[in-house]
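Asker: Here's a structure for you.
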């Protein structure tokens, strides 16, 4: 049934919609519930039925459907449709990277229409098996969905042809949906911040919000600002750490803080980086470059006047990245219960889920709002309490006969159960799902420790199978449990990469230049052989630190003496600053050849706006910074070390032969071949240090070859014609240095 007919039936014959739907969908309790649980009215969804105080939505992200990995689409058909039928959400949000757009070797990144056809077929199958209305599905673009797309709506923009949003004619880069139930409003605002002109990967990694996009998001989030019983959620693909700033220096964070979101839901980073890819943002703790921990700042102290209805709202929000379907088979259920936001992440790698438990109150103290939770607690006498019941949603394929809530006190060495209460199901007409509640004396659990008490829900079905929720900490009085990032989590969430790129680039250039220029200046100012005082073939009687300091100094001072190599490296750095690094095809169609510099891609005919000279900034950092830090820098250090090794070996050889170079060396060292230890003799005679440096040279060449090969495949370029300096200068310098330092 097409969308227009569906819309017509819902408006005119709503009373008979369940009967009309039956011939066109499979017969099941879930499909029968479709018509009676929601009415679509523009971008407002009336969520009907019990439970009145709760709505829930499902999020999927990073599907990466690929012709090379058919199991991803197979599992999506197999698990998600039945799971959605069981969960019966009010919205299904698919936050980007719908298709993979990569070749089998992962090096060529451009659109593949076959993958988009598969995406359309799979989603149609999922929607049919779920029994849900297609109009509650919202799918956004990710960076993979715009690889190599030169123009929105063009021939290679398959998103505009096969996505659900396109099929339902949802135009614009911002989508707003409001769920209404039980006097509460829940505003969901989704947006597309992917590149308008989509470059091929790997230099297509960041979200690029524009001033107009920020204005549109701000406008949509401003809805219902005068109403107090409203919860605001934003969803998109890119986390804020991988979102660029506008030309005016504004970002998504500024808009989100202005409206005090409950949460921003995103994807992009995948679960391989960690389980705690989450971040709390607060207006009075600005961070430009990095944030060391998940939690930002400290909860604000409040006085009694803060409970006034005129009190300013808290400026904070949570950023929750959910993982990916690609490898982790992840799906998230997010619930809003009387303004309290909670979620549970599901993992389908081990199969389908028979029972899903999502506690909605009390909240997990690790991921609740830090300011508003304190305010809610202190203002309970004036606002009326939503604290009086423990509440949980349970979704199950089988009948649940017993549900109980257990609270553990972890202060003793062995946690003990301090509350074990049976929970009853909220009954009502047209139930959308099962909400279980249990009364409790919530004030008894006030404690200065936010992780002392832990909640677990236990559910037993009719066959005697027991399911448990995660044992999670809670804090009634609004205190937040601390969670620390691992180094990987900090790397992808704590660093604001769009702001870091330029300082990192110029710092790298300054450091590399100083390694070349400072020793040359010192060499010109000092006496000719001054650095030879550091040539000590004998290792005896010196610490490792002394060896390293002397060796590093000698390496830097010997590099300028290799005039050809030193001058070649200096010219290479100047080339990287003032000339194109390489040329290539940046779109799926091969007609346009662009070139890349450290400032981004210059694309002919696309850069008519003088204010936009380059595309893909700061995305090019994935090429620029690794090349400077892991190729150019090691090259300078290794060539200097080779020169220092040759000088030391030459001194060793002269000492053994009883010869001398000049009077100054004889005066400085005054050594004989008998003064050299057995260990030093073995090391220098066989030149083990040189062999080790040669091994490092091979590693550098291998790393550089891999980078060049990836770029050649990614942009369909000829290294001899399109990037000869970038690809071959480093290998030539290294091989020349190996040759020049091979003999005395």
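Please read every residue number as a count from 1 along the shown chain.
The backbone N, Cα and C atoms fix where each Cβ goes, glycine too.
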Asker: For the feature transmembrane segment as recorded in TrEMBL, pick the matching range from 595-619, 620-644.
Answerer: 620-644
Asker: Tell me which of 473-499, 500-526 corresponds to the transmembrane segment entry in TrEMBL.
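Answerer: That would be 500-526, per the transmembrane segment entry in TrEMBL.
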Asker: In the domain 'TMEM62 Ig-like' (352-479), how many residues does DSSP call helix, how many strand, and how many coil?
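Answerer: Each residue of the domain 'TMEM62 Ig-like' (352-479) counted once, the result is 15 helix, 56 strand, 57 coil.
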Asker: In the same chain, who gets a Cβ under 8 Å from the transmembrane segment (564-583) while lying at least 6 residues past its ends?
Answerer: 509, 512-513, 516-517, 520, 593-598, 602, 623, 628, 632, 635-636, 639, 711, 715, 717, 722-723, 725-727, 729-730, 732-733, 736-737, 740
Asker: Are there residues at least 6 beyond the ends of the transmembrane segment (720-739) whose Cβ is under 8 Å from a Cβ of it, and what are they?
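Answerer: Tertiary neighbours of the transmembrane segment (720-739) are 562, 564-565, 568-569, 572, 575, 579, 581-584, 631-632, 635, 638-639, 642-643, 694, 697, 700-701, 704, 708, 711.
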Asker: Under 8 Å between C-beta atoms and at least six residues away from its ends: which parts of the chain pack against the transmembrane segment (500-526)?
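Answerer: For the transmembrane segment (500-526), the list is 289-290, 556-557, 559-561, 566, 569-570, 573, 577, 598, 617-618, 621, 624-625, 628-629, 632-633, 636-637, 640.
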